[in-house]
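According to TrEMBL, the protein carries these features:
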type	residues	note
BINDING	HIS90, GLU110, HIS124	Fe cation binding site
BINDING	CYS96, CYS99, CYS132, CYS135	Zn(2+) binding site
Amino acid sequence: MSAFEQAVRTLKRNGYKTTGKRQRILELLYNSNKYMSAKEVQDKLKKMFPGISPDTIYRNLHTFVELKVVEETELNGEKLFRATCDVHGHHHHFICTVCGKTKELDCPLELFQGQLPGYEVDSHRFELFGKCSECRQVQLTK
């Protein structure tokens with residue numbers, strides 16, 4: 001079963017209808033390897049759903065985050081969303097600030113354990129932001 005199919009199954013299992021809009025939002029996120037703003041999601045779905053409102057997009061994205069089928073982060077005060085990774089094991093992301101593309105990174109927490117004797121880490125978040133190789137190449141050729 002694909003990660004997208006698992007996400008749809010999670011919606012159903014939690015009592016949510018799999019409407020056309022919900023399925024298209026999930027398809028969009030699961031078919032791209034990048035974070036997107038709610039506005040980007042809305043813009044990409046406008047052709048298929050001309051009257052789709054920002055509220056509909058936001059409500060669904062936040063429901064998906066609560067159900068853990070979508071991840072969210074924040075960049076420059078704007079919330080960004082992507083499909084939850086189907087990579088096994090705990091990991092983090094490098095996020096391109098130009099195109100939103102992501103790359104999975106191993107968790108660096110073990111590197112810090114020696115600097116925290118006697119401390120107990122309850123949770124953590126580690127994200128790197130910058131330019132991916134493609135966006136960097138475009139910048140260098142300008």
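Note: Cβ is positioned from N, Cα and C throughout, glycine not excepted.
Note that the structure is predicted; figures quoted are calculated from it, not measured.
Residue pair CYS99 (Zn(2+) binding site) / HIS124 (Fe cation binding site) shows a Cα separation of 25 Å. Under 8 Å, Cβ to Cβ, and six or more positions away along its own chain, CYS96 (Zn(2+) binding site) finds LYS34, THR102, GLY130, LYS131, CYS132, CYS135.
When the binding-site residues HIS90, CYS99, GLU110, HIS124, CYS132 are scored by other C-beta atoms within 10 Å, CYS132 scores highest.
Cβ proximity to the Zn(2+) site centre (mean Cβ of CYS96, CYS99, CYS132, CYS135, cutoff 8 Å) flags the following additional same-chain residues: THR97, VAL98, GLY100, LYS101, LYS131, SER133, GLU134, ARG136.
Listed in chain order, the extra residues whose Cβ falls within 8 Å of the Cβ center of the Fe cation site residues HIS90, GLU110, HIS124 are CYS107, PRO108, LEU109, VAL121, PHE126.
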